[in-house]
Each structure stands twice: as C-alpha cells, then as structure tokens.
Amino acid sequence: MMNNEQFGHSTASAQYFLQLAGYLGIPVISWNADNSGLERRASQSTLQLQLAPSIEHQSAAMLSILERYKWHQFSVVTSQIAGHDDFVQAVRERVAEMQDHFKFTILNAIVVTRTSDLMELVNSEARVMLLYATQTEAITILRAAEDLKLTGENYVWVVSQSVIEKKDAHPQFPIGMLGVHFDTSSAALMSEISNAIKIYGYGVEAYVSDPANRGKKLNTQSLSCEDEGRGRWDNGELYLRNVSIEGDLNKPNIEFTADGDLKSAELKIMNLRPSANNKNLVWEEIGVWKSWETQKLDIRDIAWPGNSHAPPQGVPEKFHLKITFLEEAPYINLSPADPVSGKCLMDRGVLCRVAADHEMADIDVGQAHRNGSFYQCCSGFCIDLLEKFAEELGFTYELVRVEDGKWGTLENGKWNGLIADLVNRKTDMVLTSLMINTEREAVVDFSEPFMETGIAIVVAKRTGIISPTAFLEPFDTASWMLVGIVAIQAATFMIFLFEWLSPSGYDMKLYLQNTNVTPYRFSLFRTYWLVWAVLFQAAVHVDSPRGFTSRFMTNVWALFAVVFLAIYTANLAAFMITREEFHEFTGLNDSRLVHPYSHKPSFKFGTIPYSHTDSTINKYFKEMHYYMKQHNKSSVADGVADVLSGSLDAFIYDGTVLDYLVAQDEDCRLMTVGSWYAMTGYGLAFSRNSKYVQMFNKRLLEFRANGDLERLRRYWMTGTCRPGKQEHKSSDPLALEQFLSAFLLLMAGILLAALLLLLEHVYFKYIRKRIAKKDGGHCCALISLSMGKSLTFRGAVYEATEILKKHRCNDPICDTHLWKVKHELDMTRLRVRQLEKALDKHGIKTPQLRLASSSDLLNHHHLKERPPLLGNLSLAASAQDLYRW
C-alpha cells in the first residue's frame with residue numbers, strides 16, 4: 001500500500017479501507033501508513049504491520065537532535081494532517097521517557113488552522129519548533145513564521161519526513177532547517193515487497209505448524225455481505241507479529257512490536273543548505289539515526305540557520321526588564337549593602353535602587369552602590385521568585401523602588417504608586433506583594449496569583465489577670481451575695497440564738513446576778529468572729545459555744561466552710577493560671593469595627609493609607625474608613641509595634657503579611673483573629689497587553705506544579721513563634737498581674753480597718769455613755785462586751801482583775817504600791833466577812849445592795865455624797881480607773 005503526501009489530510013479512502021479490513025479481521029501489511037492519514041489510535045484495526053519507520057520513531061529521532069545540542073525547550077507545530085494528534089502524543093510520551101537523563105519542556109503544541117495561530121509561538125518566546133505537516137502546508141506555515149520573525153539565526157525548525165517528501169526543497173523554507181527522512185519513492189516500495197511476502201509466508205508457516213490449528217483452513221469463503229457465514233475472518237492474524245526476518249547487512253532482524261511497528265528503524269538526518277552552485281537550497285543528508293544502537297545519532301557538519309557558524313542557543317536571547325517594587329516583609333526586605341565593595345552578600349539578596357530617577361543624574365554608579373540612600377540590598381520571597389524567573393527565561397533586570405512609596409490607588413481620579421508607573425509605562429513589571437483587585441485589573445494586566453491572601457486583623461494577647469477584682473472571679477455576683485448576706489448572717493444568728501436558748505448555754509441574767517460565776521465570754525460579735533474564723537480556717541483564738549445545739553450548728557457551718565473553700569480554691573487555681581486575653585473580632589465586618597462609635601470606649605485600629613486594604617474599606621465601610629484615619633500608620637512595622645505596646649487595639653492589613661509578623665514575634669503575643677475578608681491573591685503586574693504576561697504565567701504555573709512556590713513559602717513564612725510555645729508558657733511563674741488583686745484586697749482591708757478604728761473611737765467617746773444610762777443588762781450589754789468594754793461595774797472590776805493578773809511592773813516603787821493596794825484589798829475583804837458574821841450572830845440580816853454602774857453613780861447629781869466603798873475607793877468610770885488608782 002503506497003501513500004504519497006500529496007493526498008494531504010484528505011485520505012478518507014485509505015482510512016475507510018484500513019477500518020474495513022480491521023472490522024473483517026483481514027491483516028494488512030502496509031508501507032508508510034502513518035502519512036496516509038490513518039489515526040491509528042482511533043482505528044479499529046489491530047492486525048496492521050508497518051514496514052516503514054513509524055511516527056514514534058520520527059519523534060524520537062527529532063528529540064535526539066534536540067538532546068544533542070542541549071535544546072531543552074521547544075514547541076510542537078502541526079497542521080490538520082491526519083495523525084497530527086498521534087504525533088503530539090508520541091512526542092509527549094518520548095519526553096516523559098527521557099526525563100530521567102534529559103529534561104525537556106514543551107512550551108506549547110499548536111494546530112495551525114490559520115496563520116494567526118502562530119502568535120502563540122511569539123508569546124511563548126519559543127526558539128525550537130518541531131513541525132509535522134505536508135509539504136504544501138509547511139510552505140504556508142513557514143511563510144507566516146517569516147512574517148512574524150520566527151525564522152533566522154536564532155530559530156531552529158526540525159521537520160518530519162512528510163515535510164521533506166522527495167528532497168525537493170521549496171524556496172520558502174529557511175536555510176538551516178533540520179529533518180528526519182526515509183525513502184518513500186516507488187523504488188523503495190518495490191524493495192520492500194519481498195520483505196512483505198516473506199512476512200506473509202513465515203506467518204502462514206507458523207500457523208500451519210501449530211498443532212492447535214490442525215484441520216483449520218485459511219480461506220475467506222465464510223465472509224459474505226449477504227449475512228451468510230460469520231462475517232469475520234477469525235484466522236486472519238496468521239501469527240504475523242511473531243515473525244522474524246533476517247535484515248540487511250549490519251542491521252538487526254525485521255521484527256514487530258505488539259502494536260505492529262518495527263522494533264528497529266533507521267532514519268536519515270537531513271539539513272537544508274545551499275547547493276553547490278548556490279542557486280537554490282537542497283536537502284542534504286548529514287547523519288543517521290539508528291534506534292537499535294546506544295549512540296543512536298551520528299551527525300556530520302551542519303549548515304545552521306542564517307548561515308551562522310554556531311548552533312542557536314535554543315532559548316530566547318537575554319532581554320532586559322525594569323522592575324518596580326515596594327518593600328514589605330517577607331516579600332521584599334531592604335538592608336544596606338557592603339560599604340566597601342558595594343555588593344550584596346549571598347544571603348542578602350540583590351542590589352536594588354531606592355533613589356528616584358532624577359536623583360541619579362551625574363552620579364557615579366560605583367560610588368552610588370556604596371551609598372545606602374541610592375542602593376540597598378533586596379531579599380525575600382519575591383526576590384527568590386524573580387531569580388528563578390530570570391534563570392528560566394533568561395533575562396536581566398533592574399530593581400527600582402517606586403518614587404512615591406504608595407501601592408497604587410485612585411486618588412482624585414488618577415492612579416498613584418506602583419499602578420501609576422505601569423499605566424504611564426515607566427516600568428515593565430511590578431513584583432512585590434501587590435494584591436489583585438478589579439480596579440487595578442481594569443488598567444493593568446496581572447499574572448496568575450502566586451499566593452492567596454485577604455484582609456486580616458492582628459491583635460495582641462494580654463497575659464494574666466488584669467482585673468482588680470480577680471479574686472472574686474471564681475464565683476459570680478449572685479453566689480457571693482448568697483454567701484455574704486445569707487449564709488454568714490444566718491449561721492451567725494442561728495449559732496448565737498441556739499446558744500442563748502440552750503439550757504446549758506449562755507444565760508445573761510445568771511451572769512449578772514451571780515457574783516461568784518466566772519464570766520463567760522460569748523456574745524453576738526464573738527459569734528461573728530467564730531463564723532468568719534471557721535469559714536476561712538484561720539488559726540486564731542475563738543470563744544466556742546457551750547450548748548449542744550449551738551455546737552452542732554457550728555459543725556454544720558464548718559462543713560459548709562470546707563465545701564465552700566474547696567470549690568473556691570479549685571476555681572481560683574484555674575483562674576490564676578496564666579491566661580491569654582485578646583479582642584476576639586469576628587472579621588472586618590465585626591459590628592464593633594464597622595460602627596466604631598457604638599462601643600464605649602471605642603476600639604483603636606488602623607491600616608496603611610493608599611493600600612488595597614485602605615481602598616477596600618473606603619469602598620464598603622465608609623464610617624469605619626473615616627474613623628480609622630486618626631489611627632492609620634505609615635508602615636506595617638509601626639502598626640504592629642503599636643498593637644504590642646497597647647496604643648492600638650488592632651491593626652488591619654494583608655493576611656499573609658500579618659501571619660508572617662505573628663510568626664516572627666518571639667514572645668508570641670501577636671495573633672490574627674476572625675476570618676479573612678475580600679479574598680484575593682498577589683500577582684505580577686504588567687502594562688496593558690504586555691508580551692511578557694503569558695511567558696511569566698507559564699513559568700509560574702510550573703513553579704506551582706513542581707512545588708517551588710510552596711518551598712519558598714515555607715522558607716520565608718516560618719518564624720520563631722510556634723503553637724507549642726504557648727503551651728509551654730502555661731507553666732511559667734505567675735507575673736505580678738496574676739496576684740495584683742490580692743494586694744488590692746489587702747490594701748482595701750487596711751483602709752476598712754482604719755475606718756472601723758475611727759468608728760470605735762466615736763463609739764467610746766460619744767455613744768457608749770448614752771447606752772450605759774439605759775443599760776438593762778441585755779442587748780446593749782452584749783454589744784458592749786463585743787466591743788471590748790463592759791457597761792456594768794462588776795464587769796469593769798473583772799476586767800481590772802484580768803489586767804492585774806497579767807500586769808508586770810518593772811519599777812520597785814510601783815511594785816511596792818501594788819503590793820500595798822493588794823494587801824489593803826485583802827484586809828478589806830476579811831473585815832467585810834467579819835462584819836457579816838457579827839451581824840448574823842445578832843440576828844441582823846446582811847442588806848442586799850445592787851451595785852450601780854460607775855456612770856450612774858457619777859451622774860446622779862441628786863445624791864449629796866457618794867457612798868464609800870472599799871475604804872477610800874470611789875466608783876470610777878472604768879476598770880482602767882480602778883487599776884490606775
């Protein structure tokens with residue numbers, strides 16, 4: 001079967017024949033069937049043997065040429081010739097097989113239907129092209145390529161056998177083209193007929209020799225178009241694929257793969273060069289490609305495109321870009337260069353100009369590099385990304401800081417900052433953490449985003465308990481009221497009441513009437529002291545009740561105190577552990593931010609003017625934007641520092657930048673809160689309709705696919721603050737803020753005690769005298785005893801006795817006077833008892849006298865004289881008077 005390229009892609013007859021043969025099960029031994037237009041992967045035929053080199057062989061030979069001259073990147077150009085999809089697929093499979101030892105990059109694969117399709121080659125900056133088409137179609141394609149300046153000394157076209165055809169070169173073909181070729185003439189076909197007959201004969205012999213086929217006949221009588229018979233020749237395979245025929249001298253045997261292709265093929269490498277008389281161009285054989293050899297390719301001298309003496313580089317020639325930036329960690333960091341050499345160290349990035357264009361006039365560049373006001377070192381995520389772009393695309397660049405230091409927003413109808421430089425075409429590209437939004441996209445072109453981001457809020461964590469009432473936090477207000485007002489008062493009055501009513505308890509009247517009874521120190525205030533001491537488990541002296549009921553009530557209160565203290569201590573321990581408090585905003589649309597004046601006091605928060613965040617807030621939150629103006633900062637570092645110092649409650653900016661600063665905080669006091677708002681991404685910005693957009697986009701997608709972007713992100717976005725560090729800080733020693741409330745409580749207690757001291761002086765000086773006049777020995781006496789002074793004379797005497805027992809006088813004269821007083825007192829008591837006995841002998845009953853209080857005796861002016869008592873001793877105002885006497 002002979003197929004010339006003159007049929008082009010209109011080969012319906014050939015396809016119909018091959019598909020019909022495959023349907024009927026008839027094997028086909030073909031010659032050069034690939035160029036007939038049969039797309040074999042779409043064919044039903046599984047019984048076809050190909051005697052000529054296949055598309056897979058041609059693609060492998062073409063890639064061997066690219067590998068020989070280290071052309072790593074190329075484009076595939078095909079016409080609509082039948083089988084063009086097979087060619088592209090064969091190239092991709094071969095590229096995948098060679099990835100281990102030679103890395104190819106397919107820039108694009110173009111099916112040319114009109115000449116404008118070749119613009120993709122211009123945009124991709126391709127320099128090496130693989131062409132698969134008919135000769136006629138190749139002429140049209142190369143004429144359009146010449147118009148687009150895709151031919152010349154920097155461009156290499158490697159073509160398939162179908163383009164070369166009969167070695168007659170068309171004048172439209174550019175000099176220096178390379179191609180693969182095998183003979184498709186009639187003479188070559190005739191030489192292969194003998195091989196085809198051998199294949200058929202050996203196949204029949206193998207079929208007959210197989211014992212499994214004994215009795216079967218090789219005929220097609222069962223095939224019928226009138227539905228008689230089975231309609232398919234089941235015995236048609238004939239074992240053809242297993243045939244091995246001896247080939248030419250120094251060539252391997254003719255054998256076939258499972259797909260019916262030759263296992264070993266030979267192709268000629270052709271080069272388009274001037275003829276001997278230089279009148280026309282001819283295809284000249286310069287080498288050979290043999291699939292069975294280790295070094296498959298053998299090439300002699302080549303005439304290169306444009307009559308050049310050296311092979312093209314295969315990549316775009318270096319071009320220069322002016323790139324504008326604005327610093328922002330971690331994307332671009334600025335640091336001074338080496339003052340001696342004027343260069344940046346390896347870990348400090350590349351030189352970038354921070355001075356404006358007009359400042360560079362008449363300045364020596366060498367001196368300017370050493371001056372930090374003209375040049376500094378740029379490093380960061382974007383600089384590493386730029387270096388990868390420069391390495392892959394092969395360009396040089398100059399980094400220049402934007403003059404006005406603004407990101408780019410509409411101001412009075414005009415763009416400022418980075419966007420203005422692109423709109424006015426003062427720069428080729430902007431590379432920094434520039435956020436993509438609809439307003440910017442309307443005037444400049446953005447690449448694919450290299451990182452996602454949004455608007456976030458950063459706040460500072462306040463460590464510890466700052467509230468002065470922190471010791472009250474274990475219980476709520478209702479619980480404290482229940483304990484302080486109900487529980488303590490109820491327990492106090494119940495204990496005192498049970499003690500007063502108990503038969504074995506405290507009897508006030510008996511105490512007042514019986515002079516020989518030792519005073520029992522129990523009162524309402526002493527009951528309060530008992531209740532408080534038991535509640536707080538204080539190791540102090542208390543006066544316990546005598547009655548069984550009151551003692552049982554005291555034990556019940558003690559049980560309550562145990563439970564209360566256990567709960568309080570447990571909760572207090574939890575509250576006193578180091579805690580981290582912060583302003584929990586839900587996001588940018590939090591009502592406390594959207595309506596700042598609705599919260600008293602208003603939160604203080606800001607952002608960077610003329611940034612994407614600022615313009616977004618101005619667009620959607622007018623009230624918030626107006627309020628924030630007073631708190632806005634000129635840089636992110638200033639805003640974060642103010643958040644840490646407490647000057648700002650929150651700072652609003654790009655999420656990834658704030659996340660980086662949070663990670664860099666060694667104390668781990670910063671954190672971002674709420675959800676991100678207005679999600680977008682960072683992109684490379686170009687002037688409108690820039691030819692570089694597609695070029696950078698393609699590389700950017702490759703960086704994302706192979707993990708380069710992720711590696712850069714992990715390297716630059718990590719910091720010293722990690723989640724585990726906060727867990728460790730929970731066991732740190734308590735700071736002053738944690739127990740400041742205890743000091744405040746002590747101070748408040750001291751002030752309250754001072755107030756009580758003042759009230760005590762007022763009581764003894766003014767109130768006690770009036771109470772003593774009305775004292776009946778009941779409630780007022782109880783209160784007086786609780787305050788430490790008895791209202792009765794007997795009580796005063798008892799108090800004086802107690803004082804005398806404890807008194808120790810260091811002065812001999814004082815001690816002599818004290819002994820004299822005690823002796824006189826004893827003699828007086830002895831004389832009184834003698835008189836009482838004498839009266840009893842004479843039948844005279846001893847008079848019962850009620851001893852009035854000292855105040856009554858002193859204040860009864862109607863008495864003309866005071867009754868003598870204990871010799872010359874008069875009733876004094878208190879026990880202290882008795883003691884002093």
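Using the three backbone atoms N, Cα and C, a Cβ is placed for every residue, glycine included.
Residues or ranges marked as domain 'Ionotropic glutamate receptor C-terminal' by TrEMBL: 362-719. Annotation source TrEMBL lists domain 'Ionotropic glutamate receptor L-glutamate and glycine-binding' at 366-424. Marked as L-glutamate binding site by TrEMBL: ARG440, THR613, ASP654. Marked as transmembrane segment by TrEMBL: 480-502, 522-542, 554-577, 739-764. Summarising the annotation, TrEMBL assigns disulfide bond to CYS668-CYS721.
Largest CA to CA distance in the L-glutamate binding set (ARG440, THR613, ASP654): 16 Å, whole number.
Taking the centroid of the Cβ atoms of ARG440, THR613, ASP654 as the L-glutamate site, the other same-chain residues with Cβ within 8 Å of it are TRP407, LEU434, MET435, ASN437, THR453, ILE455, SER611, HIS612, SER615, THR616, THR680.
Residue counts for the domain 'Ionotropic glutamate receptor L-glutamate and glycine-binding' (366-424) under DSSP (helix as H, G, I; strand as E, B; rest coil) come to 24 helix, 16 strand, 19 coil.
With a cut-off of 8 Å between CB atoms and residues at least 6 apart in sequence, the same chain places SER433, MET435, THR453, GLY454, ILE455, ALA456, HIS612, THR613 near ASP654 (L-glutamate binding site), listed in sequence order. Here the CA atom of ARG440 (L-glutamate binding site) lies 35 Å from the CA atom of CYS721 (disulfide bond). CYS668 (disulfide bond) and ARG440 (L-glutamate binding site) are 36 Å apart (CA-CA, integer value). Summarising the environment of THR613 (L-glutamate binding site), the number of other Cβ atoms within 10 Å of its Cβ, over all protein chains shown, is 25. In the predicted model, residues of the domain 'Ionotropic glutamate receptor L-glutamate and glycine-binding' (366-424) average a pLDDT of 90.
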